[in-house]
(Lines of atoms letter the chains of each structure in order from A; the text may use other names.)
(Lines give C-alpha, C1' and ligand atoms only; values in the text may rest on other atoms or scores of the structure.)
Protein backbone atom coordinates (compact mmCIF):
# COMPACT_ATOMS: atom_id res chain seq x y z
CA UNK A 1 0.00 0.00 0.00
CA UNK A 2 1.26 3.49 -0.86
CA UNK A 3 0.00 6.43 1.20
CA UNK A 4 0.33 10.02 -0.01
CA UNK A 5 0.10 12.93 2.41
CA UNK A 6 -1.46 15.40 2.96
CA UNK A 7 -4.25 14.31 0.57
CA UNK A 8 -4.49 10.85 2.20
CA UNK A 9 -4.87 8.99 -1.07
CA UNK A 10 -3.54 5.48 -1.41
CA UNK A 11 -3.17 2.66 -3.87
CA UNK A 12 -2.55 -1.07 -3.58
CA UNK A 13 -0.14 -3.52 -5.14
CA UNK A 14 -1.11 -7.20 -4.84
CA UNK A 15 1.38 -9.63 -3.29
CA UNK A 16 1.53 -13.42 -3.22
CA UNK A 17 2.87 -13.56 0.34
CA UNK A 18 2.80 -11.49 3.49
CA UNK A 19 4.88 -8.31 3.22
CA UNK A 20 7.10 -7.71 6.23
CA UNK A 21 8.75 -4.44 5.23
CA UNK A 22 9.33 -2.09 2.30
CA UNK A 23 12.02 0.48 1.45
CA UNK A 24 12.66 2.88 -1.41
CA UNK A 25 15.31 2.13 -4.02
CA UNK A 26 17.64 4.89 -5.20
CA UNK A 27 17.03 3.94 -8.84
CA UNK A 28 13.26 3.87 -8.39
CA UNK A 29 10.78 1.32 -7.17
CA UNK A 30 11.00 -0.57 -3.91
CA UNK A 31 12.85 -3.36 -2.19
CA UNK A 32 10.54 -5.60 -0.21
CA UNK A 33 10.86 -8.39 2.33
CA UNK A 34 8.07 -10.66 1.12
CA UNK A 35 7.35 -14.01 2.75
CA UNK A 36 10.93 -15.27 3.06
CA UNK A 37 12.14 -13.48 -0.07
CA UNK A 38 14.03 -10.32 -0.81
CA UNK A 39 12.49 -8.82 -3.94
CA UNK A 40 12.20 -5.66 -6.02
CA UNK A 41 8.82 -4.10 -6.80
CA UNK A 42 8.13 -1.86 -9.79
CA UNK A 43 5.05 0.05 -8.72
CA UNK A 44 4.11 1.12 -12.26
CA UNK A 45 4.19 -2.35 -13.79
CA UNK A 46 3.41 -4.23 -10.55
CA UNK A 47 6.27 -6.57 -11.42
CA UNK A 48 7.96 -8.34 -8.49
CA UNK A 49 11.47 -9.69 -9.09
CA UNK A 50 12.85 -12.11 -6.52
CA UNK A 51 16.47 -11.55 -5.51
CA UNK A 52 16.95 -14.32 -2.98
CA UNK A 53 14.85 -16.60 -0.80
CA UNK A 54 16.07 -17.40 2.71
CA UNK A 55 15.05 -20.07 5.21
CA UNK A 56 13.52 -22.41 2.66
CA UNK A 57 13.76 -25.13 5.31
CA UNK A 58 11.42 -23.15 7.60
CA UNK A 59 8.05 -22.94 5.82
CA UNK A 60 6.39 -21.35 8.84
CA UNK A 61 8.75 -18.36 8.85
CA UNK A 62 8.30 -14.94 7.28
CA UNK A 63 10.06 -11.60 7.12
CA UNK A 64 9.05 -8.89 9.56
CA UNK A 65 10.51 -5.39 10.12
CA UNK A 66 13.22 -3.99 7.87
CA UNK A 67 15.03 -0.72 7.25
CA UNK A 68 17.82 0.75 5.11
CA UNK A 69 21.16 1.43 6.81
CA UNK A 70 23.26 4.61 6.38
CA UNK A 71 25.12 3.10 3.38
CA UNK A 72 22.06 1.92 1.50
CA UNK A 73 21.90 -1.75 2.53
CA UNK A 74 18.57 -3.26 3.54
CA UNK A 75 18.36 -4.95 6.95
CA UNK A 76 15.35 -7.22 7.54
CA UNK A 77 14.57 -9.92 10.07
CA UNK A 78 12.43 -13.03 10.18
CA UNK A 79 10.14 -14.73 12.68
CA UNK A 80 8.07 -17.89 13.03
CA UNK A 81 4.31 -17.57 12.69
CA UNK A 82 2.05 -18.81 15.45
CA UNK A 83 0.83 -22.38 15.00
CA UNK A 84 -2.03 -21.72 17.44
CA UNK A 85 -3.00 -18.66 19.49
CA UNK A 86 -0.02 -17.89 21.71
CA UNK A 87 1.97 -20.86 20.38
CA UNK A 88 5.15 -20.15 18.41
CA UNK A 89 8.37 -22.08 17.81
CA UNK A 90 11.18 -20.26 19.61
CA UNK A 91 14.46 -18.95 18.17
CA UNK A 92 13.57 -19.72 14.55
CA UNK A 93 14.19 -16.22 13.18
CA UNK A 94 17.25 -14.33 12.00
CA UNK A 95 18.41 -10.89 10.87
CA UNK A 96 19.73 -10.46 7.33
CA UNK A 97 21.36 -7.71 5.28
CA UNK A 98 20.80 -7.27 1.55
CA UNK A 99 23.69 -5.24 0.13
CA UNK A 100 23.52 -3.00 -2.97
CA UNK A 101 25.35 -5.68 -5.00
CA UNK A 102 22.47 -8.07 -4.14
CA UNK A 103 24.60 -10.23 -1.84
CA UNK A 104 22.97 -11.29 1.44
CA UNK A 105 24.49 -12.15 4.81
CA UNK A 106 22.97 -13.38 8.06
CA UNK A 107 23.76 -10.98 10.90
CA UNK A 108 21.93 -12.69 13.77
CA UNK A 109 20.56 -16.18 14.35
CA UNK A 110 18.20 -17.78 16.89
CA UNK A 111 15.96 -14.71 17.01
CA UNK A 112 12.37 -15.07 18.19
CA UNK A 113 10.62 -12.09 16.55
CA UNK A 114 13.00 -9.76 14.74
CA UNK A 115 11.36 -6.37 15.00
CA UNK A 116 12.28 -2.67 15.27
CA UNK A 117 15.72 -1.50 14.18
CA UNK A 118 17.66 1.72 13.63
CA UNK A 119 21.12 3.32 13.76
CA UNK A 120 22.68 5.99 15.95
CA UNK A 121 23.19 9.42 14.43
CA UNK A 122 26.97 8.92 14.31
CA UNK A 123 26.46 5.59 12.50
CA UNK A 124 28.49 3.68 15.07
CA UNK A 125 25.70 1.80 16.82
CA UNK A 126 22.91 -0.45 15.59
CA UNK A 127 19.77 -0.92 17.68
CA UNK A 128 17.57 -3.99 17.39
CA UNK A 129 14.47 -5.44 19.02
CA UNK A 130 13.74 -9.13 19.49
CA UNK A 131 10.18 -8.82 20.78
CA UNK A 132 10.11 -11.94 22.93
CA UNK A 133 13.26 -10.77 24.72
CA UNK A 134 11.20 -7.72 25.83
CA UNK A 135 14.28 -5.61 25.25
CA UNK A 136 16.25 -3.27 23.00
CA UNK A 137 19.84 -4.32 22.30
CA UNK A 138 22.71 -2.19 21.00
CA UNK A 139 25.47 -3.47 18.71
CA UNK A 140 28.63 -1.94 17.36
CA UNK A 141 28.13 -1.14 13.67
CA UNK A 142 30.80 -0.85 10.98
CA UNK A 143 29.50 1.59 8.40
CA UNK A 144 32.07 0.40 5.84
CA UNK A 145 31.27 -3.32 5.99
CA UNK A 146 27.67 -3.09 7.20
CA UNK A 147 28.35 -5.71 9.86
CA UNK A 148 27.24 -5.65 13.49
CA UNK A 149 28.95 -7.08 16.58
CA UNK A 150 29.24 -6.93 20.39
CA UNK A 151 25.58 -6.98 21.49
CA UNK A 152 24.63 -5.48 24.83
CA UNK A 153 21.34 -4.94 26.60
CA UNK A 154 20.22 -1.31 26.33
CA UNK A 155 16.72 -1.35 27.82
CA UNK A 156 14.42 -4.03 29.22
CA UNK A 157 10.75 -3.13 29.10
CA UNK A 158 8.79 -2.68 32.31
CA UNK A 159 5.82 -4.95 32.98
CA UNK A 160 3.27 -2.27 32.06
CA UNK A 161 5.07 -1.57 28.77
CA UNK A 162 4.30 -5.10 27.55
CA UNK A 163 6.16 -6.11 24.39
CA UNK A 164 8.35 -3.95 22.09
CA UNK A 165 7.51 -3.79 18.39
CA UNK A 166 8.69 -1.15 15.90
CA UNK A 167 11.27 1.54 16.64
CA UNK A 168 12.75 4.77 15.26
CA UNK A 169 15.30 7.40 16.28
CA UNK A 170 14.79 11.15 16.59
CA UNK A 171 17.02 14.15 15.80
CA UNK A 172 18.44 14.11 19.33
CA UNK A 173 19.52 10.49 19.01
CA UNK A 174 16.80 9.21 21.32
CA UNK A 175 14.93 6.00 20.51
CA UNK A 176 11.16 5.69 20.25
CA UNK A 177 9.74 2.20 20.81
CA UNK A 178 6.19 1.11 20.00
CA UNK A 179 4.77 -1.04 22.81
CA UNK A 180 2.24 -3.48 21.42
CA UNK A 181 -0.68 -4.24 23.76
CA UNK A 182 0.38 -1.35 26.02
CA UNK A 183 -1.13 1.52 24.01
CA UNK A 184 1.99 3.68 24.03
CA UNK A 185 5.32 4.64 22.55
CA UNK A 186 8.24 5.22 24.87
CA UNK A 187 11.31 7.39 24.42
CA UNK A 188 14.65 5.92 25.52
CA UNK A 189 18.00 7.64 26.01
CA UNK A 190 20.68 5.31 24.56
CA UNK A 191 23.35 7.03 26.64
CA UNK A 192 21.74 6.13 29.96
CA UNK A 193 19.48 3.24 29.02
CA UNK A 194 16.60 5.01 30.75
CA UNK A 195 13.05 5.73 29.61
CA UNK A 196 12.59 9.49 29.51
CA UNK A 197 9.09 9.88 28.06
CA UNK A 198 5.85 8.01 27.44
CA UNK A 199 3.15 8.95 24.94
CA UNK A 200 -0.16 7.10 25.30
CA UNK A 201 -2.51 6.50 22.39
CA UNK A 202 -6.20 5.51 22.11
CA UNK A 203 -5.44 1.98 20.87
CA UNK A 204 -3.68 -0.84 22.67
CA UNK A 205 -1.92 -2.63 19.81
CA UNK A 206 0.68 0.01 18.88
CA UNK A 207 2.96 -1.49 16.24
CA UNK A 208 5.47 1.05 14.93
CA UNK A 209 6.44 4.71 14.66
CA UNK A 210 8.36 7.08 12.41
CA UNK A 211 8.89 10.80 11.88
CA UNK A 212 7.51 12.73 8.93
CA UNK A 213 5.97 16.00 7.87
CA UNK A 214 7.59 19.03 6.30
CA UNK A 215 10.39 19.30 8.87
CA UNK A 216 10.10 15.80 10.37
CA UNK A 217 8.41 17.29 13.41
CA UNK A 218 5.44 14.92 13.35
CA UNK A 219 5.36 11.34 14.56
CA UNK A 220 3.25 8.79 12.72
CA UNK A 221 2.25 5.80 14.84
CA UNK A 222 0.63 2.65 13.47
CA UNK A 223 -1.74 0.37 15.32
CA UNK A 224 -3.41 -2.98 14.70
CA UNK A 225 -6.84 -4.44 15.37
CA UNK A 226 -5.97 -8.03 14.44
CA UNK A 227 -6.27 -10.27 17.48
CA UNK A 228 -8.70 -8.05 19.38
CA UNK A 229 -12.06 -9.50 20.39
CA UNK A 230 -15.37 -7.72 19.84
CA UNK A 231 -15.51 -6.39 23.39
CA UNK A 232 -12.07 -4.81 23.10
CA UNK A 233 -12.83 -3.39 19.66
CA UNK A 234 -15.94 -1.75 21.09
CA UNK A 235 -13.74 -0.05 23.69
CA UNK A 236 -11.10 0.87 21.10
CA UNK A 237 -12.93 2.24 18.04
CA UNK A 238 -9.66 3.68 16.72
CA UNK A 239 -7.78 0.37 16.77
CA UNK A 240 -6.04 -0.22 13.45
CA UNK A 241 -5.69 3.48 12.64
CA UNK A 242 -2.56 5.52 11.96
CA UNK A 243 -2.05 8.31 14.47
CA UNK A 244 -0.28 11.59 13.84
CA UNK A 245 1.20 13.19 16.94
CA UNK A 246 2.25 16.77 16.28
CA UNK A 247 3.14 19.95 18.17
CA UNK A 248 6.83 19.25 18.17
CA UNK A 249 9.45 21.89 18.73
CA UNK A 250 12.28 22.32 16.21
CA UNK A 251 13.51 18.79 16.89
CA UNK A 252 11.29 15.71 17.16
CA UNK A 253 9.98 16.00 20.70
CA UNK A 254 6.39 15.44 21.70
CA UNK A 255 4.68 17.94 23.93
CA UNK A 256 1.32 16.93 25.43
CA UNK A 257 -1.14 16.68 22.57
CA UNK A 258 -4.04 14.45 21.68
CA UNK A 259 -3.07 12.07 18.86
CA UNK A 260 -5.08 12.49 15.66
CA UNK A 261 -5.96 9.44 13.61
CA UNK A 262 -5.50 9.33 9.85
CA UNK A 263 -8.40 7.42 8.34
CA UNK A 264 -7.21 5.64 5.22
CA UNK A 265 -9.52 4.18 2.60
CA UNK A 266 -8.13 1.86 -0.05
CA UNK A 267 -10.01 -0.03 -2.77
CA UNK A 268 -10.40 -3.65 -1.76
CA UNK A 269 -9.55 -3.07 1.89
CA UNK A 270 -11.78 -2.35 4.87
CA UNK A 271 -11.88 1.23 6.04
CA UNK A 272 -9.65 1.95 9.02
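Cβ atoms here come from the backbone N, Cα and C positions, even for glycine.
Where the annotation comes from TrEMBL, it is an automatic prediction and has not been curated.
Here's what TrEMBL has on this protein:
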| type | residues | note |
| --- | --- | --- |
| ACT_SITE | 165 | active site, proton donor/acceptor |
| BINDING | 62, 64, 82 | substrate binding site |
| BINDING | 115, 165 | divalent metal cation binding site |
| DOMAIN | 15-224 | domain 'SMP-30/Gluconolactonase/LRE-like region' |
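Each of the recorded positions 82, 165 was scored by how many other Cβ atoms lie within 10 Å of its Cβ, and the smallest score goes to 82. Within 8 A of the CB centroid of the substrate site residues 62, 64, 82, the other residues of that chain are 18, 20, 61, 78, 79, 80, 81, 113.
For the binding-site residues 64, 115, the ranking by surrounding Cβ atoms (within 10 Å, all protein chains) places 115 first.
Comparing CA positions across the binding-site residues 62, 64, 82, 115, the one lying closest to the residue listed as 'active site, proton donor/acceptor' turns out to be 115. When other Cβ atoms within 10 Å of the Cβ of residue 62 (substrate binding site) are tallied across all protein chains shown, the result is 21.
Spatial neighbours are here defined as Cα atoms within 10 angstroms of one another, and by that definition the neighbours of residue 115 (divalent metal cation binding site) among the binding-site residues 62, 64, 82 are 64. Across 62, 64, 82, which the record gives as binding substrate, the greatest C-alpha separation is 13 Å.
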